[in-house]
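In what follows, a single structure is set out as structure tokens and then discussed.
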């Protein structure tokens with residue numbers, strides 16, 4: 001008997017088990033070649049089989065040595081359930097199966113806390129699914145025709161003044177602007193969220209950017225894309241396409257050396273600047289780009305050596321909300337001549353309302369948007385404990401912020417954008433619409449986009465290996481062999497098609513409540529089948 | 001769906017004229033009430049045009065409470081009309097015990113006040129009276145303003161008119177401007193305050209439609225002005241927006257329509273004044289209306305306006321002759337009171353149009 005210790009790892013300790021049918025296997029080797037995690041290997045197996053090759057039964061017992069595919073019993077090279085083996089197998093001979101008896105989380109801490117990508121596996125509850133659009137125009141007023149009527153689907157990005165603060169002057173009975181007001185861009189209420197070049201492969205980032213540009217130029221939808229922390233290619237910054245991008249600055253300030261040097265050469269303004277204070281997937285934690293993903297081009301854009309890039313949890317030198325307004329908001333506004341709205345992104349938190357109140361009351365009127373990222377948001381890399389055990393759902397928090405503004409008569413002055421789990425179950429339009437009715441001006445999505453590119457990760461522990469640099473889909477990796485798996489044009493097309501369907505579905509939701517403008521804060525359009533949710537959000541409970 | 005109407009006349013008219021305007025349209029309303037606001041009064045109140053007129057319906061105790069309040073605040077009573085009702089059996093009316101229409105002189109020491117301060121005093125007095133009677137459950141205060149009279153009641157408008165002798169054309173109650181509606185409203189509770197027209201500081205408004213942005217409007221308006229209260233009807237929001245744009249922001253009337261039914265962004269971008277229009281749209285996003293609506297309103301200087309929602313989902317028509325202009329949800333109303341008018345001059349305003357009628361009955365119309 002082989003010497004086995006009880007502490008040895010076996011395949012049954014892992015989260016995914018490979019189901020392999022040797023009888024169907026043609027030994028083509030595709031599965032082994034494609035597995036970027038090296039979780040399977042070819043082994044020779046001694047087999048005792050009975051065969052009969054004559055025309056009459058003539059059983060014969062043989063001992064043979066046969067090549068087969070086996071799963072490694074390893075806590076480093078383990079199966080993530082991505083299913084690439086199944087995808088490439090011509091004969092349905094292999095696939096990963098979820099192992100309910102897994103002990104992997106328990107056993108995997110030999111080299112410190114578990115790190116992974118994706119999003120929370122524990123808090124995937126769906127508040128939005130117990131809410132339905134229940135106030136339908138039936139005889140009180142006519143429903144609109146989603147195909148025939150025109151719909152004005154735009155959201156502000158920028159600091160909106162109260163009507164009494166508008167710098168109007170009367171001139172011959174007409175009002176004219178006496179002086180500049182803070183810049184406000186009216187954009188599509190769906191923002192492509194911040195995923196950096198680095199977290200994403202160049203091809204994946206390019207596919208998202210391509211989709212964004214196509215939606216603007218060919219479809220007339222002013223969708224904006226946030227660069228993510230880590231800068232942008234200089235050529236793009238010096239092109240006319242910059243107007244579709246929101247430049248992000250996070251605590252590592254990665255990429256900003258190049259951005260600042262590019263400013264004098266910019267032919268147009270970016271759509272906005274987004275100060276990232278935190279993100280929903282790992283609130284209170286800084287950005288993390290593992291060394292494996294810091295490829296040459298990433299080093300070039302960010303101006304860093306090949307090393308794990310950790311952004312600090314805070315922007316250095318910022319101690320308070322007021323300071324952030326005075327230092328970062330003002331300086332970034334000044335950098336672009338006060339022509340570009342500067343917004344802020346925070347992880348949703350029990351403190352979000354206080355932050356929003358402070359921003360609303362800031363005397364400089366300088367914050368152009370409040371992005372709240374909920375616990376169901378995604379990340380390229382984080383500690384699993386952060387992903388699963390820190391954060392705050394975004395739905396009630398957006399509502400709380402909106403209600404706080406209503407209480408002061410300041411609703412709409414700092415546009416609210418919600419993200420983190422939007423489109424979790426596939427329909428981002430329904431999620432967005434409900435968020436808007438609850439008070440959001442728009443939503444931002446990230447994970448949906450990479451899922452459209454081919455990402456198979458989910459909130460049930462599938463894949464979620466964005467941190468490894470071994471993304472089997474070529475999306476979250478800088479390995480050129482893996483990146484080649486991603487077709488940029490096809491990926492962009494998937495995103496474009498999805499957004500066009502999103503737009504049509506948004507109309508399909510606006511039409512029955514009789515609205516041609518976005519029903520921001522129209523909570524009366526929603527009802528909930530869950531009493532607790534209805535009470536919390538201040539909408540009608542129905543059953 | 002409501003039907004609404006208004007009359008603006010060079011010569012004072014009786015309320016019966018307004019009733020005749022509305023009754024042919026009764027298929028469109030449910031005859032559940034009658035409400036009108038009269039401005040530029042003649043008859044009993046002709047000599048007190050600059051003195052605030054209180055319109056209320058109350059109990060005896062309510063009347064007493066109001067008298068005590070007004071005495072305590074040094075308002076001096078001038079003219080008064082307390083209708084002696086026709087209480088013949090069978091009338092469909094849920095009458096209050098007393099209807100009081102009473103002129104007051106300003107307290108002496110208030111004569112030094114500016115016009116604006118006087119306006120605020122009148123508003124605050126009305127709000128205080130309303131609150132007092134509401135809390136006590138003793139009555140309803142509709143308006144307190146010079147040269148403005150409001151009458152609202154629940155029941156069949158024909159019977160209400162009989163009850164108040166409005167068919168008699170007795171000369172005591174006439175005005176050059178009447179805004180009227182023959183339904184108690186509403187999709188919500190039957191509350192006297194919910195019947196339009198509504199009145200606030202010289203602005204009168206009634207609306208035919210459904211304000212689908214009611215919640216948004218209401219949540220925003222509550223913090224804009226102390227007079228924006230009640231919200232018993234979703235149509236009150238239109239009055240408050242009209243008041244806010246013209247009275248509080250002091251913007252020219254051209255901009256009212258840009259607030260309630262802003263142009264689509266694509267059209268704004270093509271305009272010379274796009275910066276102003278965008279600023280209005282973003283700062284007053286919560287005052288947009290987005291359902292089917294027609295609005296008829298009277299301004300403090302007695303000009304009358306009408307406009308529709310941005311898809312023209314509710315009808316309105318304006319007819320005119322030498323001495324009178326009437327606005328009505330349906331043309332049959334105009335045919336009843338102005339059968340001989342030149343029908344080719346009738347105006348059916350479109351979804352982007354605003355119509356303003358001045359006191360010389362000149363009609364101004366423009367596209368927003």
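Glycine is no exception: its Cβ is also placed from the backbone N, Cα and C atoms.
The [4Fe-4S] cluster 1 binding site annotation in TrEMBL covers A:25, A:28, A:31. Cβ contacts within 10 Å of residue A:31 ([4Fe-4S] cluster 1 binding site), excluding its own Cβ and spanning all protein chains shown: 23.
Residues or ranges marked as [4Fe-4S] cluster 2 binding site in TrEMBL: A:35. Secondary structure at residue A:35 ([4Fe-4S] cluster 2 binding site), taken from DSSP and collapsed to helix, strand or coil, is coil. With a 10 A radius on its CB, residue A:35 ([4Fe-4S] cluster 2 binding site) counts 25 other CB atoms from all the protein chains.
Look at TrEMBL and you will find A:16-45 (among others) tagged as domain '4Fe-4S ferredoxin-type'. Sequence-distant contacts of the domain '4Fe-4S ferredoxin-type' (A:16-45) (same chain, at least 6 residues past either end, Cβ-Cβ under 8 Å): 65-72, 74, 77-82, 84-85, 87-99, 465, 468, 470-472, 477, 479, 482.
Residues annotated as domain '4Fe-4S ferredoxin-type' in TrEMBL: A:71-99 (among others). Summed and averaged per residue, pLDDT over the domain '4Fe-4S ferredoxin-type' (A:71-99) gives 97.
Each residue contributes its Cα atom, and for residue A:25 ([4Fe-4S] cluster 1 binding site) and residue A:35 ([4Fe-4S] cluster 2 binding site) these two points are 16 Å apart. All protein chains included, residue A:25 ([4Fe-4S] cluster 1 binding site) registers 20 other Cβ atoms within 10 Å of its own Cβ. Report note: the [4Fe-4S] cluster 1 site is defined by A:25, A:28, A:31, and the residues of the same chain whose CB lies within 8 Å of the CB centroid of those residues, excluding them, are A:26, A:27, A:29, A:30, A:32, A:69, A:89, A:90, A:91, A:93, A:94.
Sorting each residue of the domain '4Fe-4S ferredoxin-type' (A:71-99) by its DSSP state yields 5 helix, 6 strand, 18 coil. The two recorded residues, residue A:28 ([4Fe-4S] cluster 1 binding site) and residue A:35 ([4Fe-4S] cluster 2 binding site), show a Cα separation of 14 Å.
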